[in-house]
Amino acid sequence: MATQDGAGVSLKRALGQSDSQRMDPYLMMDVFFSDDPQDYIAGFPDHPHRGFETITYMLEGNMLHEDHVGHRGELKTGGIQWMTAGRGIIHSEMPQQVDGEMRGFQIWLNLPGVDKMKDPSYQNFDAEQLPNISLLEEGQIILIAGSLTLDGDSYTSPVQAHATQPLIADIHLQPNGEVHIPVPAGLNALLYLFEGEIQVGNEALQFDQTAILTDGDMLHLKADILGGRAMLLAGKPLNEPVVQYGPFVMNTVDEIKQAINDYNSGKFTA
């Protein structure tokens, strides 16, 4: 679903179009892709969040993060930004380019009620800091969050995120490439295809389609003759009430009202 966010940045919402289209613990996934500066140049000026985590993965482009806590980080091509809003953060994400392509994902990941009022934090990792797992002639996997063991070798992302046991990976398969990826049982998981075509088990996943995966311990993927690229999202379901009002995600309506009052009264930055 096409939409806009920030100061008019053009996006495609791949997950979270409505309350019923979330996948616990993931709240939303937006895809941004344009080589027209008018689609992204306005960026995301100062805005608040409370109660969840935002993950920005930059496929192409350059964006600067700044927040009221004092964090500042430049998100470059292939890099990842992981922000834990916790009890509240006000931040901006502004393009550091005036032309060229900007392409990537923003993901909202819920926090359990016990962590929703923790102190905000921020992590930023460049492309070379993320595990880039070679599948030889089959392709490669960029491990954004969590851990994977493939062919006896173990890989772990530097991202510190434990509340929902997130596993996030960018899977790039060459033409006719094939891979078996272990996904721990008990995690909810989905696969979003953003290039080519990939066979998921016995089902063909087309461009811009999302597959909700069944609970199992092994994911079998095979690309078609043109290859394919997909985002894997998995995480431990919280099974808690979700009440969302714009950039605030809590467990109750009263907590949402408190978030609005705290923001309006300046308590986010106190």
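Cβ atoms are placed via backbone N, Cα and C, with glycine included.
Record features, source TrEMBL:
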DOMAIN    10-109  domain 'Pirin N-terminal'
BINDING   H47, H49, H91, E93  Fe cation binding site
DOMAIN    169-268  domain 'Pirin C-terminal'
- line: Note: in the chain of H91 (Fe cation binding site), residues six or more apart in sequence with C-beta under 8 angstroms of its C-beta are D46, H47, H49, H65, E66, D67, H68, H71, M83
Message: Over the span of the domain 'Pirin C-terminal' (169-268), how high is the average pLDDT in this prediction?
response: 95
- request: Using all protein chains in view, find how many other C-beta atoms are within 10 Å of the C-beta of H49 (Fe cation binding site).
  value: 25
Field: Cβ-based neighbourhood (8 Å from the centroid) of the Fe cation site, residues H47, H49, H91, E93 excluded
entry: F44, D46, P48, T54, D67, M83, I89, I90, S92, P247
Task: Within 10 Å of each Cβ, count the other Cβ atoms, then let me know which of the binding-site residues H47, E93 comes out lowest.
output: H47
